[in-house]
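This report refers to the structure that appears directly beneath it.
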Amino acid sequence: MAEHLIEFRNIKKSYGSVDALGGIDLYVDKGEVLGLIGDNGAGKSTLIKILAGVVKPTCGEIIVRGRPVSGWNAGRSREAGIETVFQDRALALQQSIVHNIFMGRELVGMFGWLKLKQQLAEADRLMREIGFTSEAYTPRSIVGQLSGGERQGVAIARAIYKQADLIVLDEPTTALSLAETAKVFQFVRQVRASGRSIILIDHNIHHIFDIADRFAVLDRGKIVLEADRSKVKSVKELVGFMEHVARAASAGGGHAKAAGGVAP
Amino acid sequence: MTDLADQSRPRSRTTKATEVETGWHHPSEHRLRRLVLEHRAALGTLAVFLVMMSIFIAANPAVFMTWSIYSSVLTTLPVALFVVVPLVFVVTGGEIDLSFPAVMGFSSWTFALLVQADFDPFIAMAAAILTGLVLGFCVGALVVYAGLSSLIATLGMNFLLRGLIQIVNEGKSIALVTLGDSPAYKIFSSEILGVPVQIFWAVGFVIFATLLYNRHRFGAHVKAVGDNPDSAKQMGINVKRVRVKLFVFMGIGAAIGGTFSTMINFTWWPTAGDGYLLPVLASVFVGGTPTWGGVGTVVGGAIGTLTVAFIQTGVVAAGLSGFYVQFFNGLIIILSLVGHRWNQERYR
């Protein structure tokens, strides 16, 4: 078996007697986009918080590039090259693009004076890398003037700065128009083209059907479906299967798992 | 739904190079246009100042041809500048500090006591700055670590510190007769070719602070904290420490201002600094630093200080009675704020 970039083995998380995650097995490979789908309360945010090292799992193993990592925390997560773009985007809107990208990790010389030129050049390179092709903006532009999709692009650029290998995007298209969503996915494609991996989280499968290489569907703390994009003919098939799973789960509490393919 | 987004672009790693390399043009790289855009708040303030001065000068050209009118403003202006500039940082950081008048009084009190006790004025100045630093830290710690509103907490500190000064001194001032002969006085408070030397120190301070604001990590962190503290925290900025530093900076500025004011007068009064509260606040906002945090302008603040300083002088010199001063103060403040509101947008 090929070595995965990041792998979760039997990750569980309980809050008291409530199981938020009940044994998750999941992996991400280099240069792939993994779509993580699930309703509100399915455990998506718990999962990405564990990935970011903000929340500690109750038990389970996290394997980075084939090696189990002990004492997983936010620092280890960053060392492993994982950057999370949180839902609220967390941008400072009155500030410039370059200021946002380097926020908290400014390039400084002696006595803390900023290396402005270097920052501008680096920001310019990053924005080109993700394909930020808008003609109206420069690294000096104020983020508040950008559209929602472009702001998401700044957040992604901020995440790929420092050579992150895996970028976790938490519902990046929420509250965006169709055109803006397309823009965000354009950025995502560029990031993948550069060989980085992405976990794309959404509660709606339609949003990410076209961009993801692989899907994992989360339901009440368990992965109920894992499927390659190539094995799924249409979004309808996937939706149909998910409905089937949901019905089965509510009827008998059982979980189906179809690794690598979908049984219609 | 998002099929539109796909357009079946190849999924290979070699994405069309043209797509990455074109675009990202730099229309606002045009230097002049960018400078105007980036400094529009300061330029707006400058416009207000120039219009105001032209009206004053038109009303009474003769008075404004004499040097003494400028000389008197240049003597008192530096004191305000040393306080306005740090306050621009504080307001940009999303806080406010109303305790600076008492800190001015308190630190210059230290200065006066030490000079009176025959210490070298240089040492006395250093002690005053240290006092300001410690008081600023106390105010900052109170706001940040006790989680109090800076508006109310600093107002309380202002009364508290001023009260302490009054209790101990019982209204008595301290005359510093020996100060005039000291080298420190010559360096910080004399005249060069008829120009009060304080103004050079103040201009130096404004330039240093402008660089600190625009080209230093501290300025970048202050803007980030004032703009979106949650974001700043997420990106690894120690938000609390930045906020405390803001109040420390304010304390240092107030100490320098207070000391300069005492040097000008050769006397320390228990009320030292009291009169600066409202003009300084007005200068910051007339200068174009908005109340909501994240943005601001040090140079604008300095021009705002100049504007506020000239209102009183100008109104009287223009031949109006002193009763008009407050009215014009208010008028200029309101007009400036309207101008800045129209000039800059708040993004949320």
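Just so it is clear, glycine is given a Cβ too, placed from its N, Cα and C backbone atoms.
Residues or ranges marked as region 'Disordered' by TrEMBL: B:1-24.
What TrEMBL lists as transmembrane segment is B:41-63 (among others). Sequence-distant neighbours of the transmembrane segment (B:41-63) (same chain, 6+ residues past either end, Cβ-Cβ under 8 Å): 69, 286-289, 295-297, 299-300, 303-304, 306-307, 310-311, 314-315, 317-319, 332, 335-336, 339-340, 343-344.
Annotated transmembrane segment per TrEMBL: B:69-91 (among others), in sequence order.
Positions annotated as transmembrane segment by TrEMBL: B:98-117 (among others).
What TrEMBL records for B:123-147 (among others) is transmembrane segment. Counting only same-chain residues 6+ beyond the ends of the transmembrane segment (B:123-147), those with a CB under 8 A from a CB of the stretch are 95, 97, 99, 103, 106-108, 110-112, 114-115, 153-154, 157, 161, 184, 188, 240, 243-256, 258-259.
The transmembrane segment annotation in TrEMBL covers B:192-213 (among others). Below 8 angstroms of C-beta separation, residues 67, 71, 74-75, 77-79, 81-82, 85-86, 88-89, 92, 219, 222, 256, 260, 264, 296, 298-299, 302 of the same chain, each at least six residues beyond the ends of the transmembrane segment (B:192-213), sit close to that stretch.
Marked as transmembrane segment by TrEMBL: B:246-269 (among others).
Here the transmembrane segment (B:289-311) has Cβ contacts under 8 Å with residues 39, 41-42, 44-46, 48-49, 52-53, 56, 73, 76-77, 80-81, 84-85, 87-89, 91-95, 206, 209-210, 213, 223-224, 226-228, 279-280, 282-283, 325, 328-329, 332, 336, 340, 344, 346 of the same chain, all six or more residues outside its ends. Annotation source TrEMBL lists transmembrane segment at B:289-311 (among others).
Marked as transmembrane segment by TrEMBL: B:323-342 (among others).
Highlighted: of the candidate stretches B:69-91, B:246-269, B:323-342, B:246-269 has the greatest count of Cβ pairs under 8 Å to the transmembrane segment (B:98-117).
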